[in-house]
Amino acid sequence: MNEETALLNRRTAPPESKINNSRLYLAVFSAVLGNFNFGYSMVFSSPVIPQLKSPDADPRFRLDANDAAWFGSIYTLGAAVGGLGAMLLNDKIGRKLSIMLSAVPSTIGYMLLGGAVNLWMLLLGRFLTGVAGGMTAASIPVYISEISHKSVRGALGSCPQITAVFGSLSLYALSLVLPWRWLAVVGGGPALVMIVLLVFMPRSPRRLLSLGQEDKAKKALRWLRGEHYDTHSEVLAIQNSIDTQDKVTLSQLATPRFYRPILISVVMRFLQQMTGITPILVYLESIFSHSSFALQPRYDAALVGVVRLISVAIAAALMDKAGRKALLYTSSMLMFLSTLTLTIVSLKASCPPGPTPPNVTLGLEQGSYGNPGASVIPLISTMVFIFGYAMGWGPITWLLMSEVLPLVARGVASGLCVAVSWLTAFLLTYVFTLLVDWYGLYVPYLWFMIVCVLCLLFNALCIPETRGRSLEEIENYFRTGRTFTIIRRSTVRSS
């Protein structure tokens, strides 16, 4: 009798083939336009600073070394503010509305950049676009994870990183033909398109169920999964997850159920920046200018964008096949080997004793590696580092943050992660310049190499494998103490 009942249940259960993800892909595309804008605005200073430092630049906002440093770094401060703002907005107005709201500072920021008449307008414009970037970085991964089916959540979770890299590549390409003011005009477009599309997209089913709007949640799920999708089991799973959680108190935060996933997410974002990705990208053009590479420096950034895009695409294809941990191991090893090589090469280079010239940019431009014959080695090592980062610790950190954070604190915790990430990036960029001035490049590269070892250990000891797991199973992993038990409990109840 039990076998007949089980057979009947299998026949009546909706098969996975009835899931139609076409509208889900449209919703994800609409949201990640914010990440496209994020990638575009983050590297906006790269082609603009040389134009504003040139002798024929407008004297009203011609940049000296200090102004250029602030123009490049103030974006990260804005992103930290945006991440903190998303802590409140994600749980107050929801993920979708938070993403849409990010278009306001983005649009105002690009208007200031495009119409700037003095330096303060440039700096304020950069800061506001950073605020928008921080908001989208905190909200979009969570929104995507909550609307995605677990069978495609891994691949779709890589979309924010892919579109951010594509946004950077688009800016590099456009900078070859457009002056900086027109780059600002183009930069305001994606956010406006994002708002128009998101108006027609559903809100997160989990958000709707948390507000007690079950009918709207079912409607959203049918829109995302297809008209023939049976929403009953998924709604029950989501509702059960919501019902087992109350408002988090300080005493509850001291329990492994809450502090473990939050700490994993925060430490991953911290380690992600401490690998040195931000300062390496900031000084990438200077490093390339001393290689034996045949391309002119203005094409080097575009080449890096292509490499980053290819590696993130590979990670997206392998995310649900190889698993998160395997890609993180591969990423950490590639970054370790490349930073080890960079440390050895820069240590052997001939460097003058004492501090280098007044600013690090001049020091790098005058040849930090010394031996021209070995210049191709830093080039290859840097490309391997960027490839490794973009294949693992770049996209997977975003994805895991949205997967492991407890539902009841997901909005606040994701904003905290973004704020920690960008504050670390800002501070590390300035420490990097000081270390290069005092000791040369080998000291920061040595530090990045040590951090890559820590990444390997942290992945081995602390990060769970979430491939093929529902968000409810992942939450149960931390609730019950290191085991995924929802499936086994469901089996017992149904037998």
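Even glycines carry a Cβ here, placed using N, Cα and C.
From a predicted model like this one, the values you see are computed outputs, not experimental measurements.
Annotated in TrEMBL:
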- 24-49: transmembrane segment (TRANSMEM)
- 27-467: domain 'Major facilitator superfamily (MFS) profile' (DOMAIN)
- 69-89: transmembrane segment (TRANSMEM)
- 101-121: transmembrane segment (TRANSMEM)
- 127-144: transmembrane segment (TRANSMEM)
- 156-174: transmembrane segment (TRANSMEM)
- 180-200: transmembrane segment (TRANSMEM)
- 262-281: transmembrane segment (TRANSMEM)
- 301-319: transmembrane segment (TRANSMEM)
- 326-347: transmembrane segment (TRANSMEM)
- 376-400: transmembrane segment (TRANSMEM)
- 412-436: transmembrane segment (TRANSMEM)
- 442-463: transmembrane segment (TRANSMEM)
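Counting Cβ pairs under 8 Å that are 6 or more residues apart, the transmembrane segment (127-144) and the transmembrane segment (24-49) reach 3 or more and are in contact. Among the recorded stretches 24-49, 101-121, 180-200, 301-319, 326-347, the one sharing the largest number of Cβ pairs closer than 8 Å with the transmembrane segment (156-174) is 24-49. Comparison of 24-49, 101-121, 301-319, 326-347, 412-436 by number of C-beta pairs under 8 angstroms to the transmembrane segment (376-400) places 326-347 first. Remark: the transmembrane segment (101-121) makes no contact with the transmembrane segment (412-436), by the rule of 3 or more CB pairs under 8 A. Contact count against the transmembrane segment (262-281) (Cβ pairs under 8 Å) is highest for 412-436, out of 24-49, 301-319, 326-347, 412-436, 442-463.
Where the transmembrane segment (69-89) meets the stretches 24-49, 180-200, 301-319, 326-347, the count of C-beta pairs under 8 angstroms peaks at 24-49. Mean model confidence of the domain 'Major facilitator superfamily (MFS) profile' (27-467) amounts to 80 (pLDDT, 0 to 100 scale).
Across 180-200, 301-319, 412-436, the stretch most heavily in contact with the transmembrane segment (442-463), judged by Cβ pairs under 8 Å, is 412-436. Within the chain carrying the transmembrane segment (24-49), a Cβ under 8 angstroms from the stretch's Cβ atoms is held by residues 63, 68, 71-72, 75, 96, 99, 102-103, 106, 109-110, 113, 126, 129-130, 132-133, 136-137, 139-140, 143-144, 147-149, 152, 156, 159-168, 170-172, 175, 180, 183-184, 187, 190-191, 193-194, 197-198, 200-202, 224-225, 281, 285, 298, 301, all 6 or more beyond its ends.
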